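*Asks:* There's a structure below that I have some questions on.
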Amino acid sequence: MTLKARIIPCLDVKDGRVVKGVNFVDLIDAGDPVEAAKAYDAAGADELCFLDITASSDNRDTIFDVVSRTADHCFMPVTVGGGVRSVADIRKLLLCGADKVSINSAAVKDPDFVAQAADKFGNQCIVVSIDAKRVSKDGEADRWEIFTHGGRQPTGIDAVEFAIKMVERGAGELLVTSMDRDGTKSGYDIGLTRSIADQVRVPVIASGGVGTLDDLVAGVRDGHATAVLAASIFHFGTYSIGEAKSYMAEHGIAMRLD
């Protein structure tokens with residue numbers, strides 16, 4: 001049986017509201033993440049990713065409320081990331097209805113945290129989110145470095161080596177974002193995605209840079225990703241989930257089309 005590729009819209013949530021805007025027709029409140037989630041669920045998204053970018057830990061309770069209300073209304077799996085620093089954070093998100101929890105900076109700071117989380121909750125619900133920038137110069141072998149704290153802090157850590165280490169620690173999935181491409185609409189960094197996907201035995205989600213439906217196809221066909229994440233092309237109604245799935249299927253990618 002061929003593993004079907006997944007399309008995952010991503011919503012950035014700050015203080016309980018969607019930021020970067022969502023332009024859905026017929027949505028009463030496009031800033032409400034639960035309304036946006038319901039629209040994506042109805043449109044046939046395979047999964048949804050919430051990224052909590054709330055700056056202060058005082059407002060963390062809002063994301064728990066968002067996840068809980070989304071779980072009440074939606075059937076698609078939901079991954080939640082942003083500010084996950086402890087086993088208690090993961091437990092609370094899972095209890096609220098998240099299917100998977102994404103760990104970013106905390107995994108860089110303490111790789112054993114990933115092992116503890118996977119041991120306690122199972123590999124299948126632990127995603128490690130990798131934000132990487134290309135640091136190799138022209139003519140050099142490709143090399144990417146991990147950045148943390150929303151891409152502001154270089155770590156000196158090689159992204160591909162780190163990805164392998166995270167899977168060894170128990171990550172069940174990797175979310176790989178190219179910081180060079182993020183928001184540019186110039187397509188995924190295929191070299192980055194493929195370099196990681198070819199080295200690990202877990203699903204890899206390509207992220208950062210989608211501008212066209214061809215970019216989604218390339219993420220799977222050329223980048224060897226098992227899932228493709230996008231934000232603005234769906235949020236602003238450039239393409240629908242249905243159009244994206246049909247296009248990918250027409251280009252030879254196995255998709256769930258029901």
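The backbone N, Cα and C atoms fix where each Cβ goes, glycine too.
According to Swiss-Prot, the record shows the following:
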- Asp12: active site (ACT_SITE)
- Asp131: active site (ACT_SITE)
*Asks:* Where does Asp12 (active site) sit in DSSP terms: helix, strand, or coil?
*Replies:* strand
*Asks:* How many Å separate the Cα atoms of Asp12 (active site) and Asp131 (active site)?
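*Replies:* Given the Cα positions, Asp12 (active site) is 15 Å from Asp131 (active site).
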